[in-house]
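Taken straight from TrEMBL:
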{"type": "ACT_SITE", "residues": "B:K204", "note": "active site, proton donor"}
{"type": "BINDING", "residues": "B:L9, B:G10, B:L11, B:G12, B:T13, B:V14, B:G15, B:T16", "note": "NADP(+) binding site"}
{"type": "BINDING", "residues": "B:K104", "note": "NADPH binding site"}
{"type": "BINDING", "residues": "B:E189", "note": "L-homoserine binding site"}
{"type": "DOMAIN", "residues": "B:349-423", "note": "domain 'ACT'"}
Number of protein chains: 2
Amino acid sequence: MNNIKIGLLGLGTVGTGVYKLIGMRSDIMEKTIGAQIEVKRILVHNINKKREGIDPALLTDNWREIVEDEEIQIVVEVMGGMEPAKTVIMEALRAGKNVVSANKDLIAEEGRELLDTAQEEGRDFLFEAAVAGGIPIIRPLKQCLAGNDIDTVMGIVNGTTNYILTKMFEDGMDFEDALKKAQELGYAEADPTADIEGLDAARKVAIMASIAFHSRVVFSDVYTQGITKITARDIAYAKEFDSVIKLLGVAKNTEDGIEAGVYPMMLHKDHPLASVRDSFNAVFIHGDAVDDAMFYGRGAGEMPTASAVVGDVIDVARDLQHGCTGRISCTCYKELPVKAWGEVKNAFFIRMQVRNQPGVLAAIAKVFGEHKVSIARVVQEHTNPDAAELVIVTEKVKEKYMENALDKLKSMDSIYEISSVIREYV
Amino acid sequence: MNNIKIGLLGLGTVGTGVYKLIGMRSDIMEKTIGAQIEVKRILVHNINKKREGIDPALLTDNWREIVEDEEIQIVVEVMGGMEPAKTVIMEALRAGKNVVSANKDLIAEEGRELLDTAQEEGRDFLFEAAVAGGIPIIRPLKQCLAGNDIDTVMGIVNGTTNYILTKMFEDGMDFEDALKKAQELGYAEADPTADIEGLDAARKVAIMASIAFHSRVVFSDVYTQGITKITARDIAYAKEFDSVIKLLGVAKNTEDGIEAGVYPMMLHKDHPLASVRDSFNAVFIHGDAVDDAMFYGRGAGEMPTASAVVGDVIDVARDLQHGCTGRISCTCYKELPVKAWGEVKNAFFIRMQVRNQPGVLAAIAKVFGEHKVSIARVVQEHTNPDAAELVIVTEKVKEKYMENALDKLKSMDSIYEISSVIREYV
């Protein structure tokens, strides 16, 4: 029986999960692939650190020992970050190895070069784990849904923020407390910026949009806005509107270009994404043939991410067994423009504190009208004799017009504060 | 550029969708696969019938013209039914062709023989469309989640019944009216038996369980119970219990065998399957690495089903381009027993009309106790001076014990009627 050898780059949470899972599934692999799969070498920072269940003889702190090992056919990169990950992957591909990676940061920025190199070398470069952890999404997009013209990919692709928003929505927590609880549970890091500001989600959106629309979208193409400004008051209104607030990554392929952004959004409770709770992730797509579809599951964590990595490893092993590595390569054969964010149309929920006197609403409505913003709904609550809270929900309007309207409103004496501006899914 | 020729067996709803979609996607195929894909021949009953947009020269009523055509490399079977579909597929495989099928009836009963033949011939036999229409489920199970030991596959895999139950739940319709509406909309056939009695869902459960558990499960292994006895009263209780009623296909891989059944079930509203509405389908799985995952979308219809078929066609075309057809074959290498239904454990919701007098509840509780049934919850409502409606929710108990307990209850004078027996997901 063929014995396929793996070089594992990194032995953090995901790397440890991958190592364990490959061991746990050796019987299945032998029977479904007809080959044994064995981790031969593991790249770590410190080869002297004791690691339970890992033979120290496997460890190396020199990645060349993996890239130059002729027996190793699959390199699994779970070290993360840009460098040295990129250099090692490129060298591994150039040395004729197949690569499985979970590195969303790298793929969201340098995916094209990595995929092109894999294609030149006729090798597999798979990265199911880089988007939404254990949830199958790359392979469904590239294969199962390959017959579709996909116009929308939209998802909850960050578990930390979904956990925080769920706690705020269901348990009435405020943002700071929910974040603290997420940190206690290990869902959020000590520095939570990448999660709560939407940067992590934006990387995943870039990768998904590239695959779904057959055109490269990189991290810097994605507009991002985090969830730090969402308040209990906004959530109360969401409930009143039979909606939830979710941090969504949204990518659309429109006639005049690709739109890509990450931002909190009010979403009606009947939408399939609305019932995605806690730290779960889900990706919703719309294609011209399949109509709506959604993929739901664990977006992070040791074993869910290892599930995706090992699924890729098994697929590479099948390709090795059948002599067809490089079978699925880059599918970005279009060069579609990415729309300037100001040109993207959205509907908005705007909550503001205004002077409680006749004519204020009319003045505000006039500003909106002058900036091409149509009002869909107005809710006014008197908070004290002098002040009122005014909520305006708009029709879809270009982001740049809304920005101009908000600038104008901010300069008005009768408006004390614009408390929230949240996009609404319509 | 390579020109891959297809023989299409059947030109009903799905066949027409497949023909259209292959035409619509020719540009994508050329660019992502590097080959053209062309429908060369179409098998129909009546070659003289006018069909808009279809060149009559493509039509044949003799399947041998497709199977014996050396140019045809992929046969797409969308005729349905057992014969002649099986014979034609077998002959096509023997003639060295790859086959894509949407035929759940055939695969749920004869899948092993078809897959074994494909494997012997080194050809692809793909059938993503046979389970849950456009929703990717076969490929995720066989590839993306291949690193998992999957213990549960559970789903809403029949759109007709989900539509009916949604109308009953949300609009207060009774079963007959909801069925009529489903028929008017084309969701239900004139003879709705296969849908409403759970037979259609059972075929899909057999296929999914076989793949998820690596062991053959056939249609006759699947216990089935339909939705015809669900009443408005049951739905009112479901609402009271923060639950919904769904027709679920449930397959579990337990230590003492596989459990497979289709039946209506009360499901708490927080479960991801609970929010699957209208004619949508969804498949929920649990694996030891990935944890919970769910796949949601359109389970039927011309274009969603065509989406799955064309995804398979593109995959076969890739294998042809890389000389690796037969890359993924049958993965049922285990021979696990299927549990006798009486041995399966479930929790139950039991609604009955009883005499309103002291001691009746105690007598009923005694019967349950004697049959090893533990009671989790009791709700009693007085309907008139003499009668009461009693609802008992049980803990999990073997089906055979429950059956015996119900037989005994039916013989009691103080019980006028056992109105409903519905399983409850716990």
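A Cβ is built for glycine as well, from the same backbone N, Cα and C atoms used for every other residue.
Features as recorded by TrEMBL, highlighted on the structure.
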residue: B:L9; record: NADP(+) binding site; CB count, 10 Å: 26
residue: B:G10; record: NADP(+) binding site; CB count, 10 Å: 22
residue: B:L11; record: NADP(+) binding site; CB count, 10 Å: 22
residue: B:T13; record: NADP(+) binding site; CB count, 10 Å: 16
residue: B:V14; record: NADP(+) binding site; CB count, 10 Å: 26
residue: B:G15; record: NADP(+) binding site; CB count, 10 Å: 27
residue: B:T16; record: NADP(+) binding site; CB count, 10 Å: 21
residue: B:K104; record: NADPH binding site; CB count, 10 Å: 25
residue: B:E189; record: L-homoserine binding site; CB count, 10 Å: 12
residue: B:K204; record: active site, proton donor; CB count, 10 Å: 29
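Between the CA atoms of B:V14 (NADP(+) binding site) and B:K104 (NADPH binding site) there is a gap of 13 Å, rounded to the nearest whole number. The Cα atom of B:L9 (NADP(+) binding site) lies nearest to that of B:K104, taking the recorded positions B:K104, B:E189, B:K204 as the candidates.
The Cβ centroid of B:L9, B:G10, B:L11, B:G12, B:T13, B:V14, B:G15, B:T16 marks the NADP(+) site; residues of that chain outside this set whose Cβ lies within 8 Å of it are B:L8, B:G17, B:V18, B:Y19, B:V78, B:M79, given in sequence order.
Assigned with DSSP, the residues of the domain 'ACT' (B:349-423) fall into helix, strand and coil as follows: 23 helix, 34 strand, 18 coil. Annotation note: B:K104 (NADPH binding site) sits in a helical segment as assigned by DSSP.
The secondary structure of B:L9 (NADP(+) binding site), as reduced to three states from DSSP, is extended strand. Taking the C-alpha positions, the distance from B:K104 (NADPH binding site) to the residue listed as 'active site, proton donor' comes to 7 Å. Between the alpha carbons (Cα) of B:G12 (NADP(+) binding site) and the residue listed as 'L-homoserine binding site' lies a span of roughly 15 Å.
The local packing around B:G12 (NADP(+) binding site), expressed as other Cβ atoms within 10 Å of its Cβ over all shown chains, amounts to 13. Between the CA atoms of B:L11 (NADP(+) binding site) and B:E189 (L-homoserine binding site) there is a gap of 18 Å. DSSP gives the residue listed as 'L-homoserine binding site' a coil state; it is part of no helix or strand.
In this structure, B:G15 (NADP(+) binding site) is part of a helix by DSSP.
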